[in-house]
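Some notes on the structure that comes next.
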Amino acid sequence: MSAATTTTGSTLTTTAGRVWRVVALALIVLFACGPIVWMVLSSFRPPEQLFQNPPQVLPRGWTGQWYDEVFAGSDVLRWFANSFTVSVATTLIAVTVGTLAAYALTRFDFPGRRTLLGSLVVAYLFPAILLLVPVYLLLSALGLVGNLSGLVVAHLATTLPLAIWLMKSFVESVPRELEEAALVDGCGQLRAFALVTVPLLRTGLATTALFVFILSWDEYLFASVLTQGDTMTVPVAIAGYVTSFDIRWGAIMALGTLVTLPIVVIFSLLQRLFEKGITSGSVKG
């Protein structure tokens with residue numbers, strides 16, 4: 001009787017634990033995905049349903065008028081082209097330089113190495129708002145304000161430290177013995193890096209590239225100050241729908257949905273590499 005009671009109590013405890021885990025997971029998913037789902041649905045709501053009380057999840061009478069407004073009354077294709085150009089350029093430069101810097105920091109010992117590693121953490125944690133004025137003054141002196149090249153430089157100020165730090169953990173997971181074997185076979189240091197190390201960093205490269213691309217794609221602060229007119233990016237364009245007289249919530253929801261799609265597509269394509277990179281990059285092999 002006592003054993004049966006103990007078994008029943010243990011089963012109830014296990015079941016209760018599973019229920020709480022499911023509830024907690026459901027709440028996390030709700031808070032993470034709920035706003036995105038609401039944004040997508042709101043982009044198809046008629047104007048009178050945007051702020052109806054009580055609110056309804058699914059719109060009654062779907063409409064595409066907000067997407068018509070976005071494409072008809074704006075230069076949305078140019079905005080996306082600008083954002084894509086800046087994000088791709090920032091990603092390529094940050095990942096390339098970050099990988100080389102991470103390799104040097106991992107494989108070589110030189111004076112100031114620890115100081116440099118500490119400065120990378122400080123640089124990444126430094127608030128972007130405090131970098132705005134110095135970066136603007138520097139780019140203004142170089143004549144890069146108002147064009148996409150200046151925005152790429154500004155984005156690198158915040159994404160390059162992250163890229164170096166992420167790639168450092170991935171380079172550390174590559175055994176030195178593989179490079180040493182290549183050196184014994186007659187390869188130089190650079191050739192061993194290119195032929196042996198880089199192919200083993202594919203998951204790390206994909207993970208870092210995804211992080212950097214998202215940060216650059218969604219960045220608003222630098223873009224709002226350094227771009228204008230033909231060089232405007234999508235986040236700045238979204239803010240343009242907020243004026244002193246009106247807030248075009250439907251158009252904001254529509255453009256917000258469109259700007260989210262590339263991230264969803266890229267993440268879906270790189271999901272396996274991203275998940276593998278998150279786990280392998282955190283463990284030194």
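Positions of Cβ are set from backbone N, Cα and C atoms, glycine also.
For 80-270, the entry in TrEMBL reads domain 'ABC transmembrane type-1'. According to TrEMBL, the transmembrane segment annotation covers 19-41, 84-105, 117-139, 151-171, 192-217, 249-270.
Long-range neighbours of the transmembrane segment (249-270) within the same chain, counting only residues 6 or more positions beyond its ends whose Cβ lies under 8 Å from a Cβ of the stretch, are 36, 39-40, 42-43, 45, 47, 50, 65-67, 69-70, 76, 80, 83-84, 206, 209-210, 213-214, 217, 234-235, 237-238, 241-242.
Only residues 6 or more beyond the boundaries of the transmembrane segment (19-41), in the same chain, are considered here, and those with a CB under 8 A from a CB of the stretch are 57-59, 253, 256-257, 260. Count of Cβ pairs under 8 Å against the transmembrane segment (84-105): among 117-139, 151-171, 192-217, the largest is for 151-171.
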